[in-house]
Amino acid sequence: RFAVSVGYWKDPYIQYFVRQAKERKAPEINRGDNDCLGFVCVAGYYARVHGVSYLIKAFLEKTECNCQIVNLGAGMDTLFWRLKDENLLPRKYFEVDFPMIVARKIHNIKSKPPLSKPIMESHSGDSLLIDSHSLDSSRYSIVGADLRFSSDLEEKLKKHSLDTHLPTLLVAECVLVYMTPQQSANLLKWAASTFPVAMVINYEQVNMRDRFGQIMVENLQRRQCNLAGVELCSSLDSQRERLLVNGWDSARAVDMMKVYSFLPQADVKRIEALEFLDEKELFEQLMQHYCICWASKDSSNL
């Protein structure tokens, strides 16, 4: 919310989910991402938003939006509304999170017309179904489920008209790292075996075995926050390998410093002028400890 208010990127919907930030985040955190207090934990920011968005839009373009998106651990994400504004909605957009999170999001949607109206506008067919822990329209569904139990997840998604024959994009941003390696492996295997044509995007930590990474982990542990899957975040190779061994045909991974260098440089110059950054070394260290990985399974050579 703070990064949007300063002008790093545009998101007219985040204001309906997140109150105005009272504290000012450091510029290197707004541009990159960091997961500690001392290195304060923040959700996605400029490089993450643009990097993930680039891959999502590439998938939508390749499938001509004849696809579905499953956003895993979506929280208060606003992607559905932003895609609708750009006329880029897939056939169906699903979000999954814990029932408590889902209930909060549904409450916000029901009470704020700028959120509910776009859902109604995109809806067709029977009346829209909504209760305290799920919402189901013809184009957008929110499902309360625990990602650690993939059989329960599949059952709930199918109740909301998941089509396993459609090209499917799964998005996980700082989600798998909070699951044990076995739990995240089960989720990735389920996705790879369920959808003949699919892509997964995973954004999370990397290079966590060096000193900087260890400080991040220690700071989180002091706050009783355990990264149960951090052992899989040791390198870009380990991130790629976890996708390949769990049924995906091809996989790539890049750290966020590289992502930052790929972004349109005119816009990078614009955002670098928004706030003075005097800790470039810290910024680069932060960016080298997060990555975007993506993998595909493509039986139709899309």
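Even glycines carry a Cβ here, placed using N, Cα and C.
Predicted, not measured: the structure shown is a model, and the values here were computed from it.
Copied over from TrEMBL:
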type	residues	note
BINDING	Arg48, Gly73, Asp146, Leu147, Glu173	S-adenosyl-L-methionine binding site
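A 10 Å cutoff on Cβ-Cβ distances gives Glu173 (S-adenosyl-L-methionine binding site) a total of 22 other Cβ atoms nearby, all chains included. When every Cα pair among Arg48, Gly73, Asp146, Leu147, Glu173 is compared, the largest distance found for this S-adenosyl-L-methionine site is 24 Å. For Arg48 (S-adenosyl-L-methionine binding site), other Cβ atoms within 10 Å of its Cβ number 23.
For Leu147 (S-adenosyl-L-methionine binding site), other Cβ atoms within 10 Å of its Cβ number 22.
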